[in-house]
């Protein structure tokens, strides 16, 4: 167990800058998630932390010790891989005990520790099997066992759940979190799935194109995204972005988005005053929209699609010329532009019909996020 | 598969006829080897031996140089394959896992070397071996065979290593292995079938050689390999086809057995490096 | 789980060994050095037994040497070997023979290979056994195959003559190795027999990699068995066919053992390919320089043909 210092870490492959000046301090026992679309540098950062790749520049300290040039095996860390990387020629017992054996532990000690780890993960029954005779979930547990048995200073997990089916993923997500809380080992977890990041992390490091976008707790990232990328990446369905103009209505600021008037909250007013008469990007979470009551300011839209999930419904609609497409969510940046529609997430209540005009209004007390169209940074 | 009865009959008939035609030489080799000498000059030929002459084989084994030649073939094949595997395993692993300046060039040259005509390569090798005093020695053959086995084994093994996820040795390294240890404790055990197939294939390549053996060993009859021996039998025992066929069968047997094991891996070996 | 953490100090950290020359090759910084180190033995070996001899052969081809010399530029450089080569009718004969053999052997063995592969690609009981049998000639060493065929083709007591006479194709026994035409046929027969199994194995692997859904989709679209063959099978195995073709061509081009043991290039040069000519010049007449020049020309032709085929076949895929 140890605190981790990442200082100005850079990695270039030729002209390609995979990781730009990453700095981060991780407290002892913290569960930190690196999240972002593929190619954002999260896996590169993890590999450098593990010692599997060399940093171009920068320094890594584990527990106060500079490990930047240390071999992976000497860093006292453990890693769980996306494809588990279990040794196919060894039994589960040998797989879990391999690291201890390499470190010269006695046979008795290895047996005891493997036994304990196996019990903790409920895989005692498969100890004599080979990995190929195990199911995906069981392999996942063996991979975890191999990590915890050595009681390293740091766990590194590289998308460990992405090869599992959806139901198992939710279950293992909870188990890994519980396990980490119990043994208290500092953990860095890499994923492209924002749900995993939100549910598991103490702190999230959200990255894009090799650059750290924001570091903060899940709530911080959700409520105060630093820029359009973070706002669009965190939360599902993704935040809607609409172009509007800031107007000054006798002292109180608002955004005019083609006749749809969105009030600007008091705490943003000071910052937003610089944008009066200028274009701005508004971010509205789908769940901030509701069916507008008569007389309330509303946006009249014709839904292109209504998806009902039983207790809620997603209303897809378009605002031609007003939409601001940000391609963010999902593993691949390009595949995520969500066909350019905006979404309102309606709970219980009425179900509008596709093709009928629907009046959408902003829920009371819900916040509208404001972003500068040029820098894409949050205005606050 | 739903096939009607006539279709099934047609399929099986075709199969049997085709296999009979294609494998007739093998059948004929076996039958001739068991036939008595006088039956060889009978017209029509005997398609089934009335009384198989097993002593042809015992004669061959106890009264000719054939066992010695077989041993030489085996010795050369084992040593040439062993040495080649040693360097090829390391090179293939390096080409599969590391991106190095010049690494690609080496890989490409190895691939291109398969295009070198052996009849051309043998000329400078002849001169080199003569100068080194290796002419007539089995070492000349071992080195010559390595020129063919190393390029092929390197590419075949690279293919196997490429199919093993890199995370495996990364995990081993995190677990405390050196890269060297990861190769020997994890990658090599995991690729054991591939190693065996490659080695067996190298053995086959060496065993089948005639060009180098007849050139370098021409004046050292004691060091002849089975193939050289058989080609000479053809001249010497003009009409004793039963002896020649028996010797041929003995020389083919190790490769046929290897073939049974190799079948699954054959495509990988045949195309080693030929893809991309 | 809490008891797990009590024993954590019990396992020693791995040795801080410093590897070769004080460089820890396990460190991420030095990973590539290990790559070079692993490649070095093979690179050196190849340098010694392939690159050096190859350069030597090219060098020899520019000298008038009777016996292989080991020093570069031992005597004056000369183009005499190449001049002699290109004005020699033997050389052009060898080119013609090699070309003919290439055409005939490649065509027939591709056809036999394709046919047998399609046959054993059917589903039937004992299929894997049939597959093993159909490619068995691959496992017969060339010399052994040749010797067996010499016996089958024997003029007086050969079984093939008996069969041909029996079914009335020929009037009397054929003396296969004494006339140019029949000798060429004999070489073709043996080469096809040794060559088709490889093609069959390759095509079969290609056929097996075609997803069954393609055929189902084609059936749904109403394609008959021939349409399915030409519009699904052939395009799908085109890359495999390309690689197979190249490797077969290279084999026919350079093979030595079959022709040498079967006919020795005769009669009257009817089966003398470039490979045979190279060998004969070098080791029968000991004209090493001249032989090397034939080898160099062979190498160049091989390179050109494969480059051409690679271009053609990689084109066919798209």
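Cβ atoms are placed via backbone N, Cα and C, with glycine included.
What TrEMBL lists as domain 'ABC transmembrane type-1' is B:70-262.
Per TrEMBL, transmembrane segment is recorded for B:9-30 (among others). Within its own chain, the transmembrane segment (B:9-30) is flanked in space by residues 3, 245, 248-249, 252, which lie at least six positions past its ends and keep a Cβ under 8 Å from the stretch.
Annotation comment: TrEMBL describes B:69-93 (among others) as transmembrane segment.
The transmembrane segment feature in TrEMBL is assigned to B:105-126 (among others). When Cβ-Cβ distances below 8 Å are used as the criterion, the transmembrane segment (B:105-126) is approached by residues 91, 95, 135, 140, 143-144, 147-148, 150-152, 154-155, 158, 211-212, 215-216, 273 of the same chain, each at least six residues removed from its ends.
According to TrEMBL, the feature transmembrane segment maps to B:138-161 (among others).
Packing against the transmembrane segment (B:182-204) from elsewhere in the chain are residues 77-78, 80-81, 84-85, 88-89, 93, 149, 152-153, 156-157, 160-161, 164, 168-169, 171-173, 254-255, 258-259, 261-262, 264-265, 268-269: each is 6 or more residues past its ends and has a CB under 8 Å from a CB in it. Among the features that TrEMBL reports, transmembrane segment is placed at B:182-204 (among others).
Taken from TrEMBL, the feature transmembrane segment covers B:243-262 (among others).
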Near the transmembrane segment (B:69-93), which same-chain residues lie under 8 Å Cβ to Cβ, leaving out any that are not at least 6 residues past its ends?
106, 110, 138, 141-143, 145-146, 149-150, 153-158, 160-161, 183, 187-188, 195, 198-199, 202-203, 206-207, 223-229, 250-251, 254
Residue numbers, six or more beyond the limits of the transmembrane segment (B:243-262), whose CB comes under 8 Å of its CB atoms:
28-30, 32-33, 56-57, 59-60, 64, 66, 70, 73-74, 196-197, 200-201, 203-204, 207-208, 226-227, 229-230, 233-234, 237, 269
